[in-house]
Amino acid sequence: MRVGVLGARGKVGATMVAGVEAADDLTFTTGVDAGDSLSALVDSDTEVVIDFTHPSVVMDNLKFLIDNGIHAVVGTTGFTDERLDQVREWLAATPGASVLIAPNFAIGAVLSMHFAQQAAKYFESVEVIELHHPHKADAPSGTAMRTARLIAEARKGMPPNPDATSTGLDGARGADVDGVPVHSVRLAGLVAHQEVLFGTMGETLTIRHDSIDRTSFVPGVLLAVRKIRERPGLTIGIEPLLDLK
């Protein structure tokens, strides 16, 4: 399979290039960065593109890829419901290309979200803390947003988090994502980390995942690259590829 990388000179993108080049069943075709022409992907007969760019350009990238029948595996964050609906419209109008967008490709991070969803209904309190390097463009992270939404879905019908806070500084209790408080930390020296804290009478449970190196994303990305042609249209997350129950 012929694979290109958008954002190839970025820290994550360069890691993806190395991962593709190390895979016996994949061929790296070309890397494209800011200022480069996307047509290089067509000229090199690229079949699948890995996109780790920026929220400000990812939609234009996807429109080009879909229009040219190139599959896309996207790790760029900043996808709102409106953006996802737009991608679905493009895919419906141009059958033949598939897109997989995941808030996190680290297998451990995906499993931690799955575990959090399973635990959610057993605890009366839950909060999410995500910690990243200071160059990250969005807050909260896509992983934290998805985690909170999965938890909220699992807690449907349950009372809201107990919280007697009546005064305080704006933002002190974090962002509210479907009723789940989410707190963002940006700190030099970090890569990508998340804690989900659960509490109930007499006990707490913490589910934590740490990506200490960007190579943690490679196995999940390459799994998506190998499976993308089997999943027409838009796929969110790599959970469907992991056979999680």
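From the backbone N, Cα and C atoms, a Cβ is placed for every residue, glycine too.
So that you can see what the record holds, here are the features copied from Swiss-Prot:
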| type | residues | note |
| --- | --- | --- |
| BINDING | GLY7, ALA8, ARG9, GLY10, LYS11, VAL12, GLY75, THR76, THR77, ALA102, PRO103, ASN104, PHE105 | NAD(+) binding site |
| ACT_SITE | HIS132 | active site, proton donor/acceptor |
| BINDING | HIS133, GLY142, THR143 | (S)-2,3,4,5-tetrahydrodipicolinate binding site |
| ACT_SITE | LYS136 | active site, proton donor |
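Annotation for THR77 (NAD(+) binding site): spatial neighbours PRO55, PRO103, ALA137, ASP138, SER141, GLY142, criterion Cβ-Cβ under 8 Å with sequence separation of six or more. When the recorded positions HIS132, HIS133, LYS136, THR143 are compared by Cα distance to PHE105 (NAD(+) binding site), the shortest distance belongs to THR143. Counted over all residue pairs in GLY7, ALA8, ARG9, GLY10, LYS11, VAL12, GLY75, THR76, THR77, ALA102, PRO103, ASN104, PHE105, the record's binders of NAD(+), the longest Cα to Cα distance measures 21 angstrom. Close to the recorded (S)-2,3,4,5-tetrahydrodipicolinate site, the chain also has THR77, PRO103, ASN104, GLU130, HIS132, LYS136, ASP138, SER141, ALA144, ALA192, GLN194: residues not among HIS133, GLY142, THR143 whose Cβ is within 8 Å of the site's Cβ mean position.
When Cβ atoms from all protein chains are considered, those within 10 Å of LYS11 (NAD(+) binding site) total 12, not counting its own. The most crowded of the recorded positions listed here (ARG9, HIS132, HIS133, LYS136) is HIS132, judged by how many other CB atoms sit within 10 Å of its own CB.
Secondary structure at HIS133 ((S)-2,3,4,5-tetrahydrodipicolinate binding site), as computed by DSSP, is coil.
Take the binding-site residues GLY7, PRO103: by the count of other Cβ atoms within 10 Å of each Cβ, the lowest one is PRO103.
In terms of C-alpha distance, the listed binding-site residues GLY7, GLY75, THR143 place THR143 closest to HIS132 (active site, proton donor/acceptor).
Taking the binding-site residues GLY75, GLY142 in turn, the residue surrounded by the fewest other Cβ atoms inside 10 Å of its Cβ turns out to be GLY142. Separating the Cα atoms of GLY7 (NAD(+) binding site) and LYS136 (active site, proton donor) is a whole-number distance of 15 Å. With respect to their backbone Cα atoms, ARG9 (NAD(+) binding site) and THR143 ((S)-2,3,4,5-tetrahydrodipicolinate binding site) stand 23 Å from each other. For the pair THR143 ((S)-2,3,4,5-tetrahydrodipicolinate binding site) and GLY75 (NAD(+) binding site), the Cα-Cα distance reads 11 Å. A separation of roughly 12 Å, to the nearest angstrom, links the Cα atoms of LYS11 (NAD(+) binding site) and the residue listed as 'active site, proton donor'.
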